[in-house]
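Asker: Among the features that TrEMBL reports, repeat 'Solcar' is placed at 10-95, 103-190, 198-292. The annotation transmembrane segment is assigned in TrEMBL to 105-124, 161-184.
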């Protein structure tokens, strides 16, 4: 069993800001690996020479800046996605709790998965735009930017084109949740100690392992999703997709027929390679931003460590602590004498 634990010393807006900044920085640093993953999933010509060859071919033909194609869209998508996921997750966790406020690990993972599905559906058009920006030639672009891509896709292909591939994205949440749950329930057996005693390093390793297993299991759905997002009769070479299909089931069938079953896992290597730096940068950045917020709120002495400020009640919420400080200031402030006036 588990309980919903959140640091009440940081406001919801501060928590969202920390998560947004940490996510944007980790996305930007691992953007080249994400780009190579998408290109391999779609099956563009760059990937015929392998992972390193694809990177060299892309840099030679479009320049080094091409390695960050679509990254701005991914970063802009992060804030609404995180906000929706957080709101949905809090609501679902509350619904899944028992009378004592406890929730099982399986239900917690299910709540997180369902919240991710809600956020994915609501922000899905930005994911389609990111894929289109990645697969296009930066020197001869079909889309001049995010808004132009949205406008052009909507007017040329219709509103439903902005949700092309959403079915495998939703279906992929099932093996993703199963993989996460399998790793989570095995952690205490792997470390041979209770989950509540895990160190930050153990939690980081657990997150990486869970993400790797879950991503590997759900990767075929991710591959089909990317192919469906990229394919368009309005783009040169149909978006560079290596197989042509009429729907999700046909995409699975054509991929296996032309590239074997392993074709569904094309791009898994760069996707797994980015997990450790992605989570490492995200966790470290989030913790540093959180320390800054705790310092500004008055709970710790320095943003460089977690040393608590003497005499401060750590159970108080930020607003309560501010009100207490204001009350103390008013009580101890020397009042001006009437004679002075």
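Keep in mind that glycine also has a Cβ here, set from the backbone N, Cα and C atoms.
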Asker: Would you list the DSSP helix, strand and coil counts for the residues of the repeat 'Solcar' (198-292)?
Answerer: 77 helix, 0 strand, 18 coil
Asker: With DSSP as the yardstick, break the repeat 'Solcar' (103-190) down into helix, strand and coil residue counts.
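Answerer: So the repeat 'Solcar' (103-190) is made up of 72 helix, 1 strand, 15 coil.
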Asker: Where DSSP helix means H, G or I and strand means E or B, what are the helix, strand and coil counts for the repeat 'Solcar' (10-95)?
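Answerer: Counting residues by DSSP class gives 78 helix, 0 strand, 8 coil.
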Asker: Averaged over the whole of the repeat 'Solcar' (198-292), what is the pLDDT?
Answerer: 93
